[in-house]
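Novice: The structure follows.
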C-alpha cells in the first residue's frame, strides 16, 4: 500500500508527455545533459515490501455488515499445518512467514491457540507461543496468555502455567469478564487456588461484575482444591445476591461435600434444591450415589435410584452399576437381579461390570448354575467377558468343587491372551489344595513367575493352606519364610491359616510363637484369627491362656464379640462340659450379661453328648438368667450348679 501511494505521488508530479516520452520513446544518447536541462527519471526499487501483520479473519469490512459473517483467514490453516512439534517447527514457521512476507498478529496467535488442533498439545502450543513473541514488533495481548493457560491446564502442566501466569501478572493487563472466566476455570481445574483468587481480586478491583459462569467456575476451582468452607461462603453470597445458584452450582457443592466425606450435608443440599424449585439432574444423583456406594450405604444408593426412576430421568449405566453392585456386595442378590431385569425391560443395556457383579454375587451364595447362566447370557448379548469376569467365574467354580471346569476356563484365558493375574492362580491353587492335589498346586505356583505373573500374598496364602491341609507343615513354614525373604506382605490371614494349621498338627507352642510374632509386627488380629487361636487353646486344655490373651486384646481396641460363645461352643463339642460351665460362670463373675446363645449352645451340646437330664435341667432352670438371694446380695445362678447336682 505504501509503495502504491509513493508511485501515485511520483506520477502526479510529472507531466504526462515527458513521462510517455521516457517510458516509450526514450532512446539512449551520448549527449550529456546541460545544466539547464534536468531530465526527470522514474526509479523503481528492487527491495521487498515490509512484512504485513495478518489477522485471524478475512477483512471484508467494506462488503459485510455483521461480525458473525467473518470468515477465518486462509493463513490460519496454513500455520496450523506447520505446528507439528517437530525439531524444525520454529525454523519452518520463520521460513514460511519470510517467504510470504507476513507476521502473525497477537490476535492471530490467540486464535490459533484456541483452535481444536491445539487442544491437549501442550508442548506444541508452548513452543508456538514463544516463537511468536520473537517476531519483530510483536507484543502479546491478554488473549494469548489466557489461551495458552487454558491448554496447559488441560494437560496439568503446573510448572509452565506458573511461568506463563507470572509473565501475565507483570504485563498489568486489565482483565475482562471473558478472560476472567477462562482463567478461573483453568486454575480451578488444576487446583491453583492462589492464582484463582488473584483473578477474582482483579475482577473486584476493576469493578467487573461476575456472571453465573464466573461463580460456577470459582466454586468448581475451590471444590477441586478441597477449599470446601470457601466454596460454602461463595454459595451463601450467591444465595443472598442478584445471581442465585443454579443446578450446576448445587452439583458443584454436592461434589465438594462428597469428596470431603460430608455425605449427609450433600444429601441435605439435594433437599434444598427441591425447596428452591430446582430439579436435580442425573449428575446430582450420580454424584450422591457414588458417595453412598463408597461409604457402603447401599440402601441410600437404592433410594436415590428409585427417585431417579420416579422422576423419569435418564439413568446412566454407571448408576445401574452402583446400585446393582452395591446390592450384590450386601448379599441382596435377588433385589439386584430385579433391578437388572427392570433396566433391560426399559431398554437400558447392561455392561460387563453389571454382569460381573451379579455373577460374583451368585458364586458367593454357591449358586453356580445361575452364575454360569448369566455368564453365557452376557456372551450372547455381545459382551466379551474381561479378566475380572473370568476371575470371578473361575474362583466360584473352584470354591464349589468344580475344579475341572475352572481349569478349562483357566486354559481358555491362557490361550486367548486374557490378562491372567494373581487372583486366577490363587483360586486354582486353593482349589487344587482342597482337592488334595498339593503337588499340582506347588507346580502351578512355581510356573507363575515363568508366565510373568508375580506371586502375591493371596497365592502364598493359598499354597500355605494347601500344604498345611496336606500335612506338609515344615514345607508350609519354609514357604512362609520365603514369603518374608521376598518382602511379600504377610497379612493377618497368612498368620491365621498358619496358626490354625499348627494347632491341627498339635504344634501348639509354635502356633503361640507365630501369634506373638503377628502382634509384635503390629498386625491387628481379627475375630477369625482369635477364634482359631482360642479353639486351639481350648482343645489343648489351655482355656485360662485363651482368656488371658482375650484380656490383652481389649486395650488394643480388639474385642471379638462372640469370643466366649465360640470358646464355649468348642468346649461343648469336645465334651468338656465342666470347663464350659466354668467359662460361662467367668462371664458372670466379670459382671457381664450372659448371651442367650450360650444357654442354647450348651443345651444342644449336652443333648448331643447324651446328657439329656442335664440338658432338660438347664432348659428349665434359672442358670445364667435368674437370680438367687444369698443374704442381702442378689447373685445370678451359675452354670456350675449343673455339675454339682
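FYI, residue positions are counted from 1 along the chain as it appears here.
Placement of Cβ uses the backbone N, Cα and C atoms for every residue, glycine included.
Source: prediction; values computed, not measured.
Pulled the feature table from TrEMBL, pasting it below:
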type   : residues : note
REPEAT : 176-210  : repeat 'PPR'
REPEAT : 211-245  : repeat 'PPR'
REPEAT : 246-280  : repeat 'PPR'
REPEAT : 316-350  : repeat 'PPR'
REPEAT : 351-385  : repeat 'PPR'
REPEAT : 386-420  : repeat 'PPR'
REPEAT : 421-455  : repeat 'PPR'
REPEAT : 456-490  : repeat 'PPR'
REPEAT : 491-525  : repeat 'PPR'
Novice: Looking only at residues six or more beyond either end of the repeat 'PPR' (351-385), which have a C-beta under 8 A from one in the stretch?
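Specialist: Beyond its ends, the repeat 'PPR' (351-385) has Cβ neighbours at 317, 320-321, 324-325, 328-329, 331, 333, 336-337, 340, 392-393, 395-397, 399-400, 402.
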Novice: List, by number or range, the same-chain residues at least 6 past the repeat 'PPR' (421-455) whose CB is under 8 A from its CB atoms?
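Specialist: Hits for the repeat 'PPR' (421-455): 387, 390-391, 394-395, 397-399, 401, 403, 406-407, 410, 413, 461-463, 465-467, 469-470, 472, 486, 488.
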Novice: Let me spell it out: take the repeat 'PPR' (456-490), skip the flanking residues so only those 6+ beyond its ends count, and list any with a Cβ under 8 Å from a Cβ in it.
Specialist: 422-423, 425-427, 429-430, 432-434, 436, 438, 441-442, 445, 448, 497-498, 500-502, 504-505, 507, 521, 523
Novice: How about long-range neighbours of the repeat 'PPR' (176-210): same chain, 6 or more residues beyond its ends, C-beta under 8 Å?
Specialist: 142-143, 146, 149-150, 152-154, 156, 158, 161, 165, 169, 217-218, 220-222, 224-225, 227, 243
Novice: Can you work out the mean pLDDT of the predicted model over the repeat 'PPR' (386-420)?
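Specialist: On average, pLDDT over the repeat 'PPR' (386-420) sits at 91.
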